[in-house]
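Heads up: the structure comes next, in structure tokens.
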Amino acid sequence: AIFKVKFLTPDGERTIEVPDDKFILDAGEEAGLDLPYSCRAGACSSCTGKLLDGRVDQSEQSFLDDDQMAEGFVLTCVAYPAGDITIETHAEEKL
């Protein structure tokens, strides 16, 4: 399945189509978005985004706790879209 992912970045808003088997960070970079990252393995918080709408599958992440995930925080480097989503990027400082 292919879903619409709306990125809310410091540079503005952008919506792209992302298949359900592609990491959100990778898809955003391929679309030319300048997104933060470091480890690319779900083990740090550099790429953190805040999910404003929709659901993701980030079962491969190992950094966020259940409370942070319940608040909508997402590690974009290991998160797949599980439907149409809206995500605020550059959210590490809000953790």
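A Cβ is built for glycine as well, from the same backbone N, Cα and C atoms used for every other residue.
Swiss-Prot lists Cys39, Cys44, Cys47, Cys77 with the feature [2Fe-2S] cluster binding site, giving sequence analysis as the kind of evidence. Marked as domain '2Fe-2S ferredoxin-type' by Swiss-Prot on the basis of sequence analysis: 3-93.
Feature map: Swiss-Prot annotations on the structure.
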{"residue": "Cys39", "record": "[2Fe-2S] cluster binding site", "Cβ within 10 Å": "14"}
{"residue": "Cys44", "record": "[2Fe-2S] cluster binding site", "Cβ within 10 Å": "16"}
{"residue": "Cys47", "record": "[2Fe-2S] cluster binding site", "Cβ within 10 Å": "28"}
{"residue": "Cys77", "record": "[2Fe-2S] cluster binding site", "Cβ within 10 Å": "26"}
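DSSP classifies Cys47 ([2Fe-2S] cluster binding site) as coil under the three-state reduction.
Note: the [2Fe-2S] cluster site is recorded as Cys39, Cys44, Cys47, Cys77; in the same chain, Leu25, Tyr37, Ser38, Arg40, Ala41, Gly42, Ala43, Ser45, Ser46, Phe63, Leu75, Val78 also have Cβ atoms within 8 Å of that site's Cβ centroid. Model confidence over the domain '2Fe-2S ferredoxin-type' (3-93) is summarised by a mean pLDDT of 98.
Reduced to three states, the DSSP call for Cys77 ([2Fe-2S] cluster binding site) is helix.
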